[in-house]
Amino acid sequence: MWGWACLSWRYADSVPAPTLVERPFPRSDAGPGGTPVTRWHQRAGRIAVLTGAGISTDSGIPDFRGPRGVWTEDPVAELLSTYDNYVSDPALRERSWQSRRDNPAWGAEPNPAHLALVELERAGRALTIVTQNVDRLHQRAGSNSQRVIEIHGNMFDVVCVDCAYSATMAETLERVGAGEPDPPCPECGGILKAAVIMFGQALDQRTLLKASLAAETADIFLAVGTSLQVEPAASLCGRAVAAGASLVIVNAEPTPYDSMATEVVREPIGEALPRLVDLILGQ
């Protein structure tokens, strides 16, 4: 089902998608198939939501590619997200562990966008959240963990790259604070890393299957706070549209999938998503 075995940048054609050109995205009177944009929210049935870093910025967690994004302000930090760099460079791992200790996500709280999705779920809508985020703010907001698919893993667990050892991030960071700048696996001496999928690392195939199924069975597919530049998550938009879903994109910057969308929203996510949820619920 999936043609991608690892996380990769979306700079080339790989799924049915618009040409990757940055251009104005005027609102049209009709979306794919002539569906009026004023009526997409009236579709009954399943809703799938793909969320990216932009949904958590109002919680105090910076995104990656925005004007004040982590990688924008510190390009070297992007190296920390590449698997080959991480496993081959002890100095980079030490910096990575230190950055985890200082991560603003530890003190973050859910914001109105997260809470709006909880409201949608509690209203009885068949909702699945596929998140690229590792902060678990959806679950903290009250979303059913069984309905949240963490396609890129999570920041709360630690795994060994060489054996089956796993631990909590909290206990591993205690080791860092106690003087182990690059704590080795206590069972095999191998390299430890957060249970987060890095660029160049294989994704869990069962997780991908669940995400694909959510996209392909959705009547409405919302892409919220994501640049849609990372595969295979981005291609869920194309899969959803190909299966007949209405695609609504809520993001501050243009994305490669905007011309495929029924509606594109450029408003702040914390304001736009609650409004869209009210629209879906007929409020």
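The backbone N, Cα and C atoms fix where each Cβ goes, and this holds for glycine too.
TrEMBL lists 27-283 with the feature domain 'Deacetylase sirtuin-type'.
Feature annotation from TrEMBL assigns active site, proton acceptor to His152. For the recorded site, His152 (active site, proton acceptor), the DSSP three-state label reads coil. A simple way to gauge crowding: the CB of His152 (active site, proton acceptor) has 22 other CB atoms within 10 angstroms, across all the protein chains here.
In sequence order, Cys160, Asp162, Cys163, Tyr165, Ile191, Leu192 are the residues near Cys185 (Zn(2+) binding site), counting only same-chain partners six or more apart with C-beta under 8 A. Annotation source TrEMBL lists Zn(2+) binding site at Cys160, Cys163, Cys185, Cys188.
Straight-line distance linking the Cα atoms of Cys188 (Zn(2+) binding site) and His152 (active site, proton acceptor), rounded to a whole number, equals 25 Å. The candidate set comprises the binding-site residues Cys160, Cys163, Cys188. Of these, Cys160 has the most other Cβ atoms within 10 Å.
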